[in-house]
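**Q** One structure is given below, represented as structure tokens, and several questions about it will come after.
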């Protein structure tokens, strides 16, 4: 029985990680083809940035809905629904011909991306304890970053090509949309939420659902109790300011191309950064677990502060010290690798490990 339970849990985690991979692949598509999309839509970097801003605003506004769905419904079904939504939006971007059409499609994309996040993280949390939670989220970050590599590398390399008259950037969106649908189907059919199924795959008896507004009131009450926690307030405050540089980094492929790097070199440099971020997340998660044992009240916090502080000098070197010269690819790659390795400890090492507790 225990072996069967382990197999079921492992399959679910594999499928959940696949969903995470495609989520990040979808997110990284547009930044990788900003230059080509800008030319096709006759818009400048400000307009392209507004597309990402609009998607982020819609995505943020949908997180309360995502929290409700993850807490009250089968989380594997929620993940599958999110995959279908962002896949549909990705297909729409691929066939859009105006700025307004792309903006609407990116908004729908934000809804799909938003509703999967709490479900994925809570499923991972349910399979871990305090001694290995950081490492588990480190692996989740690593596998998800493979999605960034796939999406970014695929979009940048295909962007300058065409097939049967179809621009390469549109083909990239079609491919990611198709794979996302396949992953969504696999999650819907084979992944199991331990809150809804036992180790034999049989449905558990569920308590009767309350009226919708009653559940909304309960959710608001729970949210208020969490918001009152001082540590949570600090995490949110740091997250707001800390998200600015990561949002700016979405323009990195376009910035590298404008400096003069070729599509191939840009793809390699961006892949180096993402790989470094993946390894950094794994390292941060492991170190967070180690420090949490030795310094229960401050270990993860110290790790997070070191990672956040390292971003300032490294970003200054990248943007101010290095010359805007395409012949300096090696130096840019080295700085991007060190930067990605150092600034990516926070998620797995501290924030996710502290917030996403085992809810089973």
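Yeah, the Cβs are placed from backbone N, Cα and C, and that goes for glycine too.
Note that TrEMBL annotation is computational and uncurated.
Features from TrEMBL:
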type	residues	note
DOMAIN	12-360	domain 'Major facilitator superfamily (MFS) profile'
TRANSMEM	78-100	transmembrane segment
TRANSMEM	106-125	transmembrane segment
TRANSMEM	137-159	transmembrane segment
TRANSMEM	171-191	transmembrane segment
TRANSMEM	234-255	transmembrane segment
TRANSMEM	267-285	transmembrane segment
TRANSMEM	306-323	transmembrane segment
TRANSMEM	329-348	transmembrane segment
**Q** Report, as numbers and ranges, which residues of the same chain sit near the transmembrane segment (329-348): CB under 8 Å and 6 or more residues beyond its ends.
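**A** Apart from its flanks, the transmembrane segment (329-348) reaches 134-135, 137-138, 140-141, 242, 245, 256, 261, 265, 268-270, 272-285, 287-288, 303-304, 306-308, 310-311, 314-315, 317-318, 322.
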**Q** Limited to the domain 'Major facilitator superfamily (MFS) profile' (12-360), I'd like the whole-number average of pLDDT.
**A** 84
**Q** So which of 78-100, 106-125, 171-191, 267-285 has the most C-beta pairs under 8 Å when paired with the transmembrane segment (137-159)?
**A** 267-285
